[in-house]
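Trainee: Before anything else, here's the structure in question.
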């Protein structure tokens, strides 16, 4: 009896010890994560059903009324439209530019590593600083107009920030400036991961430079482009800092650059309507999730399968 | 193109011609010029900026920078940013490494679920959770307290950390763990004496991403911190620029000093930051 019990008891002790280790090592991260990420997200879904000013417990249950108000609010339609435009324009402008620049920078040129560092600078600077700097430069008496005057292009001077016909394009220019370097670096990393042998083989077969780029480089760069586009899409839907710094809550509304996140802050916390603000957050989340799922289902599927199996092995 | 053209390593054929250099230079110029404008603008006077907004300093004036560097407001906000960034980084790395170790090297029932939980966190950026997150912070009495920024930043930093570190820790060969066990080392001893040093490259990457992310974070401090004494630099820049909206030169000096640490940090760790970001993206 005791012969068989002793090892079993030892094994049980070891199992207990292992369990204890698992608990001690994982508990802090899991608790913090549940409390500050999952709980708020769950609370947003809950508060979204109430009219609630943020004091005491929410009691004024309004069902789907907040959602009805959001979805019928012309101001929300505006911000949704802006987010959509920003999303499409980001992809259409940055994608081709980034691929072209990456192909160019991937050639043998002197100072390549310096160039890489310098084009990444806009990405590493915070949105607040980018926004503050650009808003000073874009004012009607700012550096951009000054430069246009000095170079004889004075007729192009404009009110870049508050002119509703221009503001969104100004925003797109700033966004492109801030994030293009990141896209280029990503594409360059993608280019570097294509084995040289493929190019050598193509060259030996007599393929021209442009044929190689079109038939080999671009298709093989596909996964990188698709992942970049995914990040760009999510970023566009959640854009906040740049707009809030350059335009602020009120001007962004009249200039036509406000986004869903701005709407959420303005109608939620700043107006003291926490229930409504939470409902806006849920709408944003659902929109992002639906877009992400559609994108994953139809575009990313092949790439992700590879990434997941690689990542877990 | 003739067959004698040699293909250089990691470069698709062709040397860059004049066009390549021109475009590269133009691109770099566009990227750097606004940053230079901010830095150089700080060396000008408001009068200079008003007469010609897009010119070089003439003469150079150090008063704006000197003014900012001697102001207690700047250094207070600098210290707050530093405390928040260091504490968040330490928290993210410590908690992230511990839980990644469990997910990577222990066998238990909820392992997959735990990994999925953190991976799902990537779907919840701070913007979406910010309103109720603010309420949670308020209920904990952490409003206008640096901890109210630090702890949520740790929580939101964990998903990326786990995604990056788990494959890293899995890659440590089992033989090393078995050898350590034969030498009488416990699982925890193995963690501290072998895993931590062996995973250092991954940890450094994660730490740098956490630090830069914290240094640049604006949304959370905007919600949580109310009094200037607790402001971090991004908030400080914004408040300063609206307070001194007529003193453009001073705003430019303040702004460029606020971005300097991130730039220095970036130039020191450039390889790891770029590698970490592209690596994180590619999974």
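Counting begins at 1 with the first residue displayed.
Backbone N, Cα and C define each Cβ position, glycine as well.
Fair warning: this is a prediction, and the values are worked out from it, not measured in the lab.
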Trainee: When TrEMBL marks a stretch as transmembrane segment, which of B:52-74, B:190-212 is it?
Mentor: B:190-212
Trainee: Taking contact to mean 3 or more CB pairs closer than 8 A (sequence separation of 6 or more), are the transmembrane segment (B:21-40) and the transmembrane segment (B:251-269) in contact?
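Mentor: Counting Cβ pairs under 8 Å, at least 3, so yes.
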Trainee: Give residue numbers and ranges for long-range contacts of the transmembrane segment (B:251-269): same chain, 6 or more residues beyond its ends, CB-CB under 8 A.
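Mentor: Residues packing against the transmembrane segment (B:251-269) from afar: 35, 38-39, 41-44, 64-65, 67-69, 74, 78, 81, 204, 208, 211-212, 215-216, 233-234, 236-237, 240-241, 244-245.
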Trainee: Which residues, given as numbers and ranges, are at least 6 beyond the ends of the transmembrane segment (B:82-103) yet have a Cβ under 8 Å from it?
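Mentor: Answer is 111, 114-115, 118, 146, 149-151, 153-154, 157-158, 161-162, 165-166, 168-169, 191, 195-196, 199, 203, 206-207, 210-211, 214-215, 221, 232.
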